[in-house]
Amino acid sequence: MPEPTKKEENEVPAPAPPPEEPSKEKEAGTTPAKDWTLVETPPGEEQAKQNANSQLSILFIEKPQGGTVKVGEDITFIAKVKAEDLLRKPTIKWFKGKWMDLASKAGKHLQLKETFERHSRVYTFEMQIIKAKDNFAGNYRCEVTYKDKFDSCSFDLEVHESTGTTPNIDIRSAFKRSGEGQEDAGELDFSGLLKRREVKQQEEEPQVDVWELLKNAKPSEYEKIAFQYGITDLRGMLKRLKRMRREEKKSAAFAKILDPAYQVDKGGRVRFVVELADPKLEVKWYKNGQEIRPSTKYIFEHKGCQRILFINNCQMTDDSEYYVTAGDEKCSTELFVREPPIMVTKQLEDTTAYCGERVELECEVSEDDANVKWFKNGEEIIPGPKSRYRIRVEGKKHILIIEGATKADAAEYSVMTTGGQSSAKLSVDLKPLKILTPLTDQTVNLGKEICLKCEISENIPGKWTKNGLPVQESDRLKVVHKGRIHKLVIANALTEDEGDYVFAPDAYNVTLPAKVHVIDPPKIILDGLDADNTVTVIAGNKLRLEIPISGEPPPKAMWSRGDKAIMEGSGRIRTESYPDSSTLVIDIAERDDSGVYHINLKNEAGEAHASIKVKVVDFPDPPVAPTVTEVGDDWCIMNWEPPAYDGGSPILGYFIERKKKQSSRWMRLNFDLCKETTFEPKKMIEGVAYEVRIFAVNAIGISKPSMPSRPFVPLAVTSPPTLLTVDSVTDTTVTMRWRPPDHIGAAGLDGYVLEYCFEGSTSAKQSDENGEAAYDLPAEDWIVANKDLIDKTKFTITGLPTDAKIFVRVKAVNAAGASEPKYYSQPILVKEIIEPPKIRIPRHLKQTYIRRVGEAVNLVIPFQGKPRPELTWKKDGAEIDKNQINIRNSETDTIIFIRKAERSHSGKYDLQVKVDKFVETASIDIQIIDRPGPPQIVKIEDVWGENVALTWTPPKDDGNAAITGYTIQKADKKSMEWFTVIEHYHRTSATITELVIGNEYYFRVFSENMCGLSEDATMTKESAVIARDGKIYKNPVYEDFDFSEAPMFTQPLVNTYAIAGYNATLNCSVRGNPKPKITWMKNKVAIVDDPRYRMFSNQGVCTLEIRKPSPYDGGTYCCKAVNDLGTVEIECKLEVKVIAQ
């Protein structure tokens, strides 16, 4: 069973009940109001968290205690925290109620202080309340946290009146909730959910002493008295009453009894606590007379004299009476379980209905059979027997039913629960109106009566209008309404009575139109034409010229053009007659249809005549195909002639289009009309064939396109070649070299033409010394050096006379022609220049070149010199045998090649390069090596104990390389299996130890050079027998040598410069015995477990590698060596440089 917890913060005790049993009133059939205490236990996870926190109460050494203060006085609460195990100051918070943080309330009436005593290492936190007020009373909480540690403490503050007696208190004003102050203020006031009503004036009642009523009343009557006299703060009233009735008789069995009542939310947890006078008494708990047994729902705890009952997951069935017995005595209490607020889960929806229909407004709430209230425009709906409103409940559904809806029912309806509300609008419309007899159009003679009559389905009034204006009754005009029939009677019809009449029933958006026509002489209405009665039509379109006419009887219309009458029929040009118009129709207008047309109207009332001018306009003809007169790299110039026919309207301008020849998509080049007959298209792709065409534009539109122009290709020559230089000169030739042009273009590059001319043959004059401008030479004086175009950028001009001076230029040629020439900056003398020879020995040949027997030797030695030098090779001063060694020479290098090297090829090779009288020599040492021969003689010098002393002589043949060591092997005479004893041994004598006594051994020795071991080994002729019997060998006694040595650096650190981003290393060497411990430091701080550094120590050499250093890694680095005999340090500086990008 868990440890009992402290009484909940929000548990408020109620006065003890009087001796009367409240169950008697229950039996009488009444529902008494109960004394209760509000218990709001945090459910689930929050409670578990608080229980866990209470178990970690390890921070407070002194907790604040509850207290009592009078109004206007001061009080201080103190909390202390031990700081021995804390590295920093803990965090403390003061709360009032559950969540009100008092840190933001500090000021005139509240001060928070904190101090720290260094000797005792105790933090003291104080909360001082200055000039306390009534609303300061309540439950307070202090919380302290440090990292993962937490501690909390709750305490109560009671504020008493400083003076006065209880009967003088206005209890009804003191305990009305204001919604401010304590944490439970306004908690029981549900007036915010009720509709605001007008305050009714009540008759003044005589003054009543409510305290006396409460003191003498039963606890079951407290709530009744509180609501009767307007007391809403029931909890505060019970607290005050409890303090007034403290002189209660104490029980012999209970030192502290149950509170009169408890309240808890549904699903919450409640705790009942009693304190026994004698802890040995047996306690039993009962619910409604039934004994409670321990379970997961009911948990019993014992804490000293306290007996505690926990009820988990409280439900509505737990709302009942509980009592506890101890011996012959018992104490009881009431538990009230408060249901959660009812929420609206499905909102009301706006509804539209017709008058007389049944309307249903439906919503859903979170609980079945919940109590909800309906409102209409804020007024509560109370259904009754005579009311048209009914309310139906189906589980969670609540439906408001309105029978026979009227326009008065259109309003905003809302539903309200304890936890939410919803509203919707109801619109009630009239029934659709049916037209039984509509109005009809009428034609009347002048002076006759006009009667407009209609019949509708409803007996409602209406309004008459003529041409949108209300009809005014007069002696001649009467409006008649009889039941569903409406009439408009006009006597003695006049011409102005003609028009559109409309009847509109009231309250409906319905109109009944009718036209009245009064007979009149024929008229031709030409208001829709121009001032000169001209009609313009586009050729190819259909002309339908409708001329409004009037007259009664309808006049006969006759159309004519000149002397030719136009008849009705199916021809291209025809007329059509209608009661109110006559129409001239031309199906496909042509240019020849232009002219003056006449219309004649005739009826019994008279005649009318009119003339109309018809003008037929057309698109212009397409222009003639344009001509491209000039072409550039990305542009051209084009011209064209205007079209022969402008379509009867002046040409406004032209549109130009172009396309690639291989494409079918035309692209417009101008969006503003081109007024001229010439245009320059730009931004074309060089080397691509194009076509262009023209559109003519007049006021009617755009003509058809002209025929495309002949295809043309924008091309441009390349830029001149660049960097023309002299590559070489001989007595009869000049070799020139150049670079390709910077800009080649779409026409590409077909090749180059190299030209030259002799100095003095013309008036050659150089414009500048850089050769960028042309020489002042006639074109016929230049000689083409290459008959055909050349692709390479190097060419040799041959057949030149010696000592002549020539000018040279080069041109780039493509499909557009030859580019501007590139000139050499000065005349060239045709005479070969002697260049002294020079041998470029490769670096690896400046030392002895070593190869093994059988490997190939291939050495390339470059040289310089002009004209081509003469080369001579010698080996050790003698001519080289070309049958064994191949020599190949070129203009720039010589190659010595030996396919399969032999030891006889070793020696000194001399190379001589000669140009005219200039000579250059160089030497190369070649060493061909092979495996050595075996040692000459191997002897056994001495045998003693388990040891054998061997000596041998070096081999006669060292393989043309120095002997680097020997390998010694031994073999037992029985098995003759050879085992290596010593490898890479440098001396010619050795002692073989740890041989097996009683065995007989043979020994052999291999020679070794840089090629490897000798193929054969020399074996001892005689064997060495390790005798079993012999003298006992006694090891001589030597004094132990002291190898201890303090650390000493044999190679110091040096100052180093490193490049940022490249690994850097610091090296030093140290000696000492015992082996010293190495520690690296940067700026006097030891480097430990840093991934940017790696430390190595091998055979006394200490290395610190800094991976990809940055300027931050610069500084002073120190290597420290420590052993038992001493400590030594050495420093250096590292600077990291950043290479600018």
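For all residues, glycine too, the Cβ spot is worked out from N, Cα and C.
What Swiss-Prot says about this protein:
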- 1-10: compositional bias 'Basic and acidic residues' (COMPBIAS)
- 72-144: domain 'Ig-like C2-type 1' (DOMAIN)
- 251-340: domain 'Ig-like C2-type 2' (DOMAIN)
- 341-431: domain 'Ig-like C2-type 3' (DOMAIN)
- 432-520: domain 'Ig-like C2-type 4' (DOMAIN)
- 522-619: domain 'Ig-like C2-type 5' (DOMAIN)
- 622-721: domain 'Fibronectin type-III 1' (DOMAIN)
- 722-833: domain 'Fibronectin type-III 2' (DOMAIN)
- 837-931: domain 'Ig-like C2-type 6' (DOMAIN)
- 934-1029: domain 'Fibronectin type-III 3' (DOMAIN)
- 1047-1141: domain 'Ig-like C2-type 7' (DOMAIN)
- Thr406: phosphothreonine (MOD_RES)
- Ser611: phosphoserine (MOD_RES)
- Thr798: phosphothreonine (MOD_RES)
- Tyr823: phosphotyrosine (MOD_RES)
- 1-51: region 'Disordered' (REGION)
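Annotated features, which come from Swiss-Prot, shown on the structure.
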{"residue": "Thr406", "record": "phosphothreonine", "CB count, 10 Å": "11"}
{"residue": "Ser611", "record": "phosphoserine", "CB count, 10 Å": "10"}
{"residue": "Thr798", "record": "phosphothreonine", "CB count, 10 Å": "11"}
{"residue": "Tyr823", "record": "phosphotyrosine", "CB count, 10 Å": "23"}
Spatial separation of Thr798 (phosphothreonine) from Tyr823 (phosphotyrosine) - C-alpha basis, Å: 19
Between Thr406 (phosphothreonine) and Ser611 (phosphoserine), the C-alpha gap once rounded to whole angstrom: 65
Local backbone state of Thr406 (phosphothreonine), from DSSP in three classes: coil
The domain 'Ig-like C2-type 5' (522-619) [mean pLDDT, rounded to integer]: 86
Rounded Cα-Cα span from Ser611 (phosphoserine) to Thr798 (phosphothreonine), Å: 97
Residue distribution over DSSP helix, strand and coil in the domain 'Ig-like C2-type 6' (837-931): 6 helix, 56 strand, 33 coil
Per DSSP, three-state class assigned to the residue listed as 'phosphoserine': strand
